[in-house]
């Protein structure tokens, strides 16, 4: 019986892995097709769809915008989120547990709700600029990811180390920088990674905040799909997959994926 | 301020009238302490007595609500921790896991802007001092408890602090290692010639490592004395209780003349030196090793053996005394006499001079 049960579990594992990976893997060969339609298996080999990325109106601009927004929002979240997390873990904040739950709650909120609420809020305070409202909205999107991993690392961190650094001649901020930051680096990196991805491919929130000249990549891609569904999208996707793999390799070199996964 | 000035003259480290409150709890209560240069003083007390709070105030990690702290004649009460030059060995050592042994030790030198060329020989010297030279390149997570403690001590000493504070430095070690490290550390610190304050709740440890012991109770120092005085002449029942064991009997003073008291206890009259008015309710006490079986001393009481504990180099008799509570009895003998066991009736004898009298609580 035990063998049979394990066999079923094994089969399920293989099927799920295939189901998770196949669609992603299929995109890569399709991006090199000579055909003008999205079809598998691809016909021939060409780089024409990669060349076309440059010519599609607004695609590179959207990519650049999304990258900048994601990077800035992640950086802001790391700074603010770490300070908030330190206050929650060390500051004897009344109701710290409830506040912690609140700080990670946008993770559980439907993006649509958040998008409408943020649009409303931006209107109320008279914020008409799409770029700034996108950035602020994406700080809201990224903050819970950063909070979650940084809080996780902080709860394992022994703050006596900060005291030790202080008695050895570091002021409090310097002690945080030289002792706390290196020790919670895995939490930073994995939090930043999740946050960046969450911002980069966010659709439901951004949808409400973009304007004609300021469109993020997911929105631009979907627009393009509606107008001309050709393998350019596969080429863009393959490029993003390559980028992700590159970032993961860098993270592995920097702190080790094992350490990141454990947080 | 004349009191403060007198204290400062007396000590390398001076704490004058320090108070600290956490919410409703008064953790330090107008506490004063003077420690001479090169002296080892233990702050001994149960958890919550304020000993760690006092240590953190001296280190600058907490600021007292009232009072002054000075080191080498300089008032450091408001100086932040990083400018005090007070070394601390933390309870779990608080070594930096992202750095190697040598980098941990060099940390303070780097923080204080000591150049690489000057810091390298000082780190090497500190490593040699704690016999960790061969482990210099290891990550601290690969070290045993005793080795971690040595690194923590070297890291604190390498910056040449004016004072070393140790917060329960042996509590993370197992018993056997703890005893070795206590002697080793005491010897090492003596060689360096540093003034050191140990915080501990372990009275045996305090007796081993200290020149003087401050027994703390509820934010105050109950008694500050050398180990022999503390053990032989405790100032209060609290100190008697906290340091070592004793046989205790409740009683009433029946006679007081020329510094000698006669006390009536449930087990008969006992004579002891002391100053109490006749009629006072008191507790008489005697240390376990000051008691012999038989009639070879002035004070004698009869008791029954409840239990016998063999401790290797000595044997303890636990006695049945008439009342629970104030009355308890422990006697320590070099070896158990023939025919004595649980239930035996014995006569205890102890000298008048070894008998202590305290006011009844």
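First residue shown is number 1, and so on along the chain.
Heads up, the Cβ atoms here are built off N, Cα and C, so glycines get one too.
Noted in TrEMBL for the protein shown:
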- A:63-251: domain 'ABC transmembrane type-1' (DOMAIN)
- A:7-32: transmembrane segment (TRANSMEM)
- A:69-89: transmembrane segment (TRANSMEM)
- A:96-119: transmembrane segment (TRANSMEM)
- A:131-154: transmembrane segment (TRANSMEM)
- A:175-200: transmembrane segment (TRANSMEM)
- A:232-251: transmembrane segment (TRANSMEM)
Legend entry - Stretch-level contact, the transmembrane segment (A:7-32) and the transmembrane segment (A:232-251), CB cutoff 8 A, at least 3 pairs: yes
Legend entry - Same-chain residues at least 6 beyond the ends of the transmembrane segment (A:69-89) whose Cβ lies under 8 Å from its Cβ atoms: 96, 99-100, 103, 131, 134-135, 138-139, 141-143, 145-147, 150-151, 154-155, 176, 180, 188, 191-192, 195-197, 199-200, 216
Legend entry - Residues from the same chain, set at least six apart from the ends of the transmembrane segment (A:96-119), whose C-beta lies under 8 A from its own: 84, 88-89, 133, 136-137, 140-141, 143-145, 147-148, 151, 202-209
Inset, instruction - Please give the sequence-distant neighbours of the transmembrane segment (A:131-154): residues at least 6 beyond its ends with Cβ less than 8 Å from one of its Cβ atoms. - result: 65, 69-70, 72-74, 76-78, 80-82, 84-86, 88-89, 100, 103-107, 111, 114-115, 118-119, 122, 183-184, 186-188, 190-192, 194-196, 198-199, 202, 205-206, 209-210, 214, 216, 263
